[in-house]
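J.: To start, I am sharing the structure in question, which I have written as C-alpha cells.
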C-alpha cells in the first residue's frame with residue numbers, strides 16, 4: 001500500500017500552483033509564464049482533478065447515503081483516497097508527501113465534497129491537524145509525525161475547541177503545567193473531528209497561568225499521541241449532517257507530554273493555531289462549493305425530468321430564474337476560494353480573502369441546498385432523494401473553522417484597517 005501511495009506521489013508531484021479554470025469553461029491554449037492572469041489548469045492539475053472526480057462519482061456517491069444512515073466511519077473510502085494520493089497533500093516532499101499548494105488541495109476537496117461532505121470532512125480534518133506541524137514543527141517532529149502518514153493511512157486531529165470556548169479560542173481552559181522535561185496537561189476538548197480515529201492530535205493549551213497574559217504568549221501548541229495515558233476519548237456524537245465523520249469530546253487528565261513535542265516554543269501556540277486557518281479555510285470553502293455544485297446539478301436534472309402543468313419544471317420561468325441564481329452563486333463562490341488559495345500559494349497573507357471565501361461559500365452552500373429541496377418539492381423532503389442530505393450537511397460549513405459571524409468580524413477588521421492605515 002505504501003508503494004502505491006508513493007507511485008501516486010510521483011505522478012502528481014509535478015502539479016503547478018499557478019492557474020485554474022472553472023469546471024464549466026472550455027479549455028484554451030495555456031498562456032506563457034508571466035503573461036498575466038489565467039483560469040487554465042495545468043495538464044497535471046486536470047489529471048488530479050479528474051482522479052478525485054472519478055473517485056467521488058464512482059466510489060463515494062453510491063455508498064454515501066448508507067454511511068449517512070449508519071453513521072459508520074468510512075474506512076474503506078479513506079484508505080482508497082490515501083492510495084490515490086488524495087489525502088495528506090500538504091505534507092512536504094522531504095517527508096514522502098506531495099508538497100502541494102492550497103489551490104491543488106482545493107481542487108481535490110471540491111470534488112470529494114461533491115460526493116459526500118462527511119467523507120471530505122474526515123479527509124480535511126487530517127489536513128487541519130497537519131498544518132500546525134507544517135508551519136510550526138521542527139524537522140524531527142515533522143519526520144516522526146508527518147512522515148509516517150505517507151507510509152500508512154493514519155489520521156490526526158486539530159484539538160482546540162472546548163465546551164466553553166468555540167469561537168473564543170483565547171478563552172480555552174485546558175492547562176499545560178511544565179514539570180521538568182514534561183508538561184502535564186489537564187482539560188476537556190469538544191467537537192473534535194477525527195477525535196476517535198486520530199493517531200495523534202495538535203493540542204492547544206494554556207501554559208501561562210496568568211489570566212492577564214496576552215493570547216499571543218499564553219498558549220502553547222503540543223503534539224499529543226492518542227494512546228498517551230490519561231487521554232480519554234468520548235462517545236461519537238450524532239450530528240445533524242456529515243454523519244459519517246467522527247466527532248467526539250476528549251478529556252486530558254494528567255497527560256504527560258515531553259517537551260520535544262512542543263511546537264516552535266512555549267507561548268507560540270495561539271499564533272500557530274490561528275495561522276493554520278489561512279491555509280485551511282480555502283479548502284473548507286472549496287468543500288462548500290462542491291456541495292453547492294451538487295445541489296445545483298441535482299436540481300437541474302430534476303427540473304429537466306419533472307413535469308407540472310404540462311411542461312418541464314425548467315420551462316417555468318420561476319424555476320429557471322432560481323436555477324440561474326444558483327449558478328451565479330456557485331461560480332462566484334468558486335472564484336472566491338480560488339483567489340484565497342492563490343494568495344497564500346503566492347506567499348502573501350490571505351486572511352481577508354480566506355474569510356471572504358469561507359463565509360460566502362458556506363452561505364451559498366446552505367442557500368443552494370435549500371433551493372434544491374424546493375425544486376424537488378415534497379420529494380426533496382424525503383430520504384429517497386439526495387437533496388435532503390445536502391441540506392443537513394451544508395449547515396456545519398457556517399459553523400466549523402470559524403462561524404459565519406466570526407468571518408465577518410475578520411473581514412470588517414481587515415477591510416476597515418486598510419483605510420485606517
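Glycine too: its Cβ is placed from the backbone N, Cα and C atoms.
Residues or ranges marked as active site, proton acceptor by Swiss-Prot: 401. Annotation source Swiss-Prot lists FAD binding site at 158-167, 191-193, 306-308, 316-317, 374-378, 402-405, citing experimental evidence. Summarising the annotation, Swiss-Prot assigns octanoyl-CoA binding site to 167, 216, 278, 281, 349, 351, 401 and lists experimental evidence as the type of evidence. Per Swiss-Prot, N6-acetyllysine is recorded for 79, 217, 259, 271, 279, 301 (among others), and the stated evidence type is similarity to another entry. Per Swiss-Prot, N6-succinyllysine is recorded for 179, 212, 217, 259, 271. Annotation source Swiss-Prot lists phosphothreonine at 351. Per Swiss-Prot, transit peptide is recorded for 1-25.
Mind mapping these onto the model and telling me what they sit next to?
T.: Annotation for residue 401 (active site, proton acceptor): spatial neighbours 128, 277, 280, 281, 284, 358, criterion Cβ-Cβ under 8 Å with sequence separation of six or more.
In sequence order, 298, 299, 302, 385, 387 are the residues of the chain that are 6 or more apart from residue 376 (FAD binding site) and have a CB within less than 8 Å of its CB. DSSP assigns residue 376 (FAD binding site) to a helix.
In the three-state DSSP classification, residue 278 (octanoyl-CoA binding site) falls within a helix. Counting Cβ atoms from all protein chains shown, residue 278 (octanoyl-CoA binding site) has 22 others lying within 10 Å of its own Cβ.
Every protein chain considered, the tally of other Cβ atoms within 10 Å of the Cβ of residue 79 (N6-acetyllysine) stands at 14.
Secondary structure at residue 179 (N6-succinyllysine), taken from DSSP and collapsed to helix, strand or coil, is strand. Applying an 8 A CB threshold to same-chain residues 6 or more apart, the list for residue 179 (N6-succinyllysine) is empty.
DSSP assigns residue 212 (N6-succinyllysine) to coil in the three-state reduction, placing it in neither a helix nor a strand.
In this structure, residue 217 (N6-succinyllysine) is part of a helix by DSSP.
Around residue 217 (N6-succinyllysine), taking its Cβ as the centre, 16 other Cβ atoms fall within 10 Å, counting all chains.
Residue 259 (N6-succinyllysine) carries a helical DSSP state (H, G or I).
For residue 259 (N6-succinyllysine), the number of other Cβ atoms no farther than 10 Å from its own Cβ, over all displayed protein chains, is 12.
Cβ-based neighbour count (10 Å, all protein chains) for residue 271 (N6-succinyllysine) stands at 17. Under the DSSP three-state reduction, residue 271 (N6-succinyllysine) is assigned to helix.
All protein chains considered, the CB of residue 301 (N6-acetyllysine) has 12 other CB atoms within 10 Å.
Residue 351 (octanoyl-CoA binding site) carries a helical DSSP state (H, G or I). Counted within 10 Å of its Cβ, the other Cβ atoms near residue 351 (octanoyl-CoA binding site) come to 19, all protein chains included.
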J.: Just give me the nearest neighbour of residue 301 (N6-acetyllysine) among the binding-site residues 166, 193, 316, 351, Cα to Cα.
T.: 316
J.: Pick out which of the binding-site residues 216, 403 has the most other Cβ atoms within 10 Å of its own Cβ.
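T.: Selected residue: 403.
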J.: In this structure, which of the binding-site residues 167, 193 has the fewest other Cβ atoms within 10 Å of its Cβ?
T.: 167
J.: Quick one: pull the CA-CA distance for residue 193 (FAD binding site) versus residue 212 (N6-succinyllysine), whole Å only.
T.: 30
J.: For 212, 279, 281, 316, listed as recorded positions, tell me which one has the smallest number of other Cβ atoms within 10 Å.
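T.: Comparing Cβ neighbours within 10 Å for the recorded positions 212, 279, 281, 316, 212 has the fewest.
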J.: Using a Cβ cut-off under 8 Å and a sequence separation of 6 or more, which residues in the same chain sit near residue 349 (octanoyl-CoA binding site)?
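T.: Once residues fewer than 6 apart are set aside, residue 349 (octanoyl-CoA binding site) is near 278, 343.
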J.: Round to a whole number and give the Cα-to-Cα distance in Å for the pair residue 259 (N6-succinyllysine) and residue 167 (octanoyl-CoA binding site).
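T.: Taking the Cα atoms only, residue 259 (N6-succinyllysine) lies 28 Å from residue 167 (octanoyl-CoA binding site).
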